[in-house]
Amino acid sequence: MAQTTTITLTGAGGQIGYAALFRIAAGDMLGPDRLIALRLLEIPQGMRGAEGAAMELLDCAFPLLESVEISDDPNVAFDGANIALLIGSRPRTAGMERGDLLAANGAIFGPQGRAIGEHAADDVRVAVVGNPANTNALIAQQHAAGVPAERFSALTRLDHNRAVGLLAAEAGASVRAVDGITIWGNHSATQYPDLSHATIDGRPALETVDAAWARGPYIERVAKRGAEIIEVRGGSSVASAANAAIEHVRDWVLGTGDRRTSAAVVSRGEYGVPEGLISSFPVRSDGDGWRVVEGLGVDDFSRQRIDASVAELVAERDAVRELGLIP
Ligand code: NAI
């Protein structure tokens, strides 16, 4: 009998939730051999959206999907969760100060972290998508008593995939030919997409594309790709964000093989990033957990970029500490 994995998804009535649920239930995240029990967490205003999605999931008759349950109580929704995808968050609205945004999200991710600590399965892995993703992940992690810190991560896979796609387009190469890109730091405008160690068909990417482009317009374009999508599409990145969340968890659980990717994970001090911060690094997974790829050379330009993004994470951490949202 195939094993059943319980996946709790928050924000299930929202856009990314809607784009992710059907692919998860079809097996895109955990492969064809695992049965899936879905737990959908919403706030009361989002329950109807989640209920509608659950009805459509039933109408798909996915063979892998064992059950779908909906709740607005984190203690119920995270019960027995093996994987938690934290997508629902409080977006920034007009006139909102950073402190207000962090406080509003602290009120979401603190209780969710606590519920994960109290009710999730022993092997739970948590991926945070809702922004500000790195700091929301830190808040949840700090409240999840008894869950090892390395089980928490935040999504920078969308940034990574954007960086791969835009490099391949510039070089006229296939995305399959690209490897070794790293997103460093925060999932924000300060993120650093780094091509120093990237390769295209095994050759250094910086021998194929213009180095001035790679260290100027390229960085800007990757970091601001979300705004570019909004301008063209008239709406935020949804399908690509859902895809990135699915790939993040898939690689974490099933392994990356020899290829590298990027994920925001708890720093153990690698590359001078202060211990405990949830910062994006070059990573691989053997299926048991993310491993930061160590030993990559960091030149002066990269150092400055990494330090600037990490400084922003430190400022966010200090702000949530001051607000009493983390110890
Ligand atoms: P959305 O507004 O369509 O959906 C969010 C859903 O979360 C809503 O249905 C809302 O009711 C629900 N929600 C709010 N608070 C909740 C709580 N405490 N518990 C459970 N559910 C709750 O937004 P969308 O487009 O789905 O985006 C979700 C988040 O993902 C946003 O914070 C967005 O900024 C972020 N995002 C992150 C990306 C990344 O790469 N890390 C990429 C794109 C979006």
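From the backbone N, Cα and C atoms, a Cβ is placed for every residue, glycine too.
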One of ARG98, ARG151 listed by TrEMBL as binding substrate at the site of ARG92, ASN131, ARG162: ARG98
Recorded positions (ARG98, ARG162, HIS187), the one with most neighbouring Cβ atoms at 10 Å: HIS187
Contacting binding-site residues, sequence order - GLY11, GLN15, ARG98, ARG162 vs ligand 1, Cβ under 6 Å: GLY11, GLN15
The domain 'Lactate/malate dehydrogenase N-terminal' (7-147): DSSP-derived helix, strand, coil residue counts: 66 helix, 26 strand, 49 coil
For ARG162 (substrate binding site): DSSP state (helix, strand, coil): helix
By Cα-Cα distance, the member of recorded positions GLY13, GLN15, GLN112, HIS187 nearest ARG98 (substrate binding site): HIS187
Intrachain C-beta neighbours of GLN112 (NAD(+) binding site), sequence separation six or more, cut-off 8 angstroms: THR10, LEU41, PRO74, PHE78, LEU86, ALA140, HIS143
Residue from ARG92, ARG162, HIS187 whose C-alpha is spatially nearest that of GLN15 (NAD(+) binding site), among the recorded positions: ARG92
